[in-house]
Structures are given as structure tokens and as C-alpha cells.
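Q: There's a structure below that I have some questions on.
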Amino acid sequence: MNPYILSTLLFGLGLGTTLTFASSHWLLAWMGLEMNTLAIIPLMAQHHHPRAVEATTKYFLTQATGAAMLLFASTTNAWLTGQWDIQQMSHPLPITLITLALALKVGLAPLHSWLPEVLQGLDLTTGLILSTWQKLAPFALLLQIQPANSALLIALGLASTLVGGWGGLNQTQLRKILAYSSIAHLGWMVLVMQFSPSLTILTLLTYLIMTFSTFLVFKLNNSTNINALATSWAKAPALTSLAPLILLSLGGLPPLTGFMPKWLILQELTKQDLAATATLAALTALLSLYFYLRLSYAMTLTMSPNNTAGTTPWRLPSLQTTMPLAISTTATLLLLPLTPAAIALLAL
């Protein structure tokens, strides 16, 4: 893609998200979300492949549906209450409609079925943008409206953690596995959103770091399915030995970074007398952990039978920049000791 066009599209992505962050009026927030969608569509369709075009079309239709629903709900809110302010939502009908519209835009269950299909049709770089940056603007709106309907959020959160764990069990395509992983993580964030918004932001930040690392590992190995992971020993031995730790951090095992948000969320849910919800969420995390372990096994404990003898690829200089991967991997593995600092920041 032409670098000028690429920079324009990336600028549009950034501007759309920033506009939504900064807006206090529903029309401006809607405009930011639309800019976001329209800026990523050429990036998704840049590889002229039927699967990429299909993924782009599916993405456009779901995002357009979510945006139309959001616009309808905000107009209904203006009609019922006489104002367009995001933080002054009082009527339960538009609040519920907007919550569902934003759930469709980020891919929360049961409105999730577009996400694995779309992610499967994209290359890993665009998939990374879709899994990380594109979640920020809808989450900013969800945090601002503070939905009063707590039962709806808890139902969405539990359904997402369950679907995210269950859906990924039978997958062999890495992008689909990462899509289900994304759905499960979003479920954890939504579960605790009404009780501790700052904890949701912390969970979102750790999710962004861990997903960034995972996508970059797969991109460096040029792997898109589980079988391709078996060749990673020959390509990058040091990275292959760290990759299971990155995946287990995504799964939420101590003493890795991913354990921190899950631990704090379970603690917060228990404080709110939602012990059954916390137990169910913890059990669904085991489902996700299974497919992360499956990826770890495929990557480190299996050898590809068709490796050529002689010069292995790791001896050759890598053409990809590895500094972002090094920084994000360090953050993915080693931030758990900073939990007291995170708790102190949450208390502010």
C-alpha cells in the first residue's frame, strides 16, 4: 500500500478514536466510531483475496448495524429526556439499546459471531489493530454511560467468558483462537465495569499488552495455524521458549502479568456478594487455559517432521523489527510485582 495512503488511514483511525474519547455529545461520539470503521476498511481489504474481502464486508455490515442502533438509541434518548449528553443518560430504554449496540461493536457474546470470522480473513497486522485499537472507542463510551442495568452487563460478561472459552477449544486456526481469547477477556472487563471502572481500564491495558505480544510472536514466526507453530524452534529458539509464558499470561496464571486483573476482578466480585458469578468466571477461565496450553504444547514440545538439515533460519539476520516485541513480552511476563502500585492507583 502507498505509504501516503497508509499514513492517512492510520491518522483517520487515531482521529476517530480520539474524537470519541473527547466527545460529550452522542452525535460526535457516533461520528468518531464511523471514522474508525471507515479508516480500517481499506486496511482490511488491501490484500485482494476473496477471504479478506468477505471479512471486510462482514465487518462493515456489523459495524454499520451497531452504529445505526447507537444513533437510533441516542435519538430516542434525546426525544425522551431532551438532551444529548453522554454522561446524563437516565432512561433505561436508550441505555440498554446503547449497551447492546456497543457490545455488538466490540464483539461481546451473544453478539460475537462476526469476530472470529472477520479476524480469520485478515492478516496478523490488521488483526492486531482490530483486536486492540478498535476496542478502545466503544469501551470509552461504555465506561461513560455506566449502564444502570447491572443484570444485563453481568449476563453479557458471563456469556462472553463462557463463549470465549468454549469456542476456542476446537479451533486449529490461530486467528480464530485469538478472536475467542479476545471475547473472553472482554467478558472479564464487562463483568466488573459497574463496580470498578478503573479496574476495567487496568484489565483493558493488560489485555492490550498481552494480545500485542501474542500477535507479534505469530507474525515473527509467520504462523496462522497450530501445525505451523511446530517449525518455530528452527526460526527463533529464544522466542519459542518464551512464547508459552506469553500464552499462559493470557490465560491468567501466576506469577505472570495476566494473573493480576483476573485476581483483582474475582476479589471485587466477591466483595459485591457475587460469589457465584466469580466462581463461574473462574471456571470459564479454565476453558481458555486449555487452548493456551494446547498452543504452548504445539509450539515447544512438537518438532516439525520436515525440517531441512543444514543452515537453520535462526542463523540468518531477521528482517523484522523485534524491539516492540521485546518490550511487550517483558511487560507481559513481569508486571505482576507492580500489583500494589496498580491497586494504589485504582484507589485514587
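We number each residue from 1, going along the chain as drawn.
Glycine is no exception: its Cβ is also placed from the backbone N, Cα and C atoms.
TrEMBL lists 23-287 with the feature domain 'NADH:quinone oxidoreductase/Mrp antiporter transmembrane'. The transmembrane segment feature in TrEMBL is assigned to 60-80, 92-115, 151-170, 177-195, 201-221, 233-254, 274-293, 325-347. The domain 'NADH dehydrogenase subunit 2 C-terminal' annotation in TrEMBL covers 289-342.
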Q: Let me check one thing: do the transmembrane segment (92-115) and the transmembrane segment (177-195) come into contact, meaning three or more Cβ pairs under 8 Å with sequence separation of at least 6?
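A: They are in contact.
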Q: For the transmembrane segment (201-221), find every same-chain residue at least 6 residues outside the stretch whose CB is under 8 Å from a CB in it, and list them.
A: 124-125, 127-128, 131-132, 135-136, 139, 143, 174, 178, 181-182, 185, 188-189, 192, 228-229, 231-232, 235-236, 239, 243, 246-247, 249-250, 257-258, 260-261, 264-265, 318, 320, 322, 324-325, 328-329, 331-332, 335, 342, 345-346
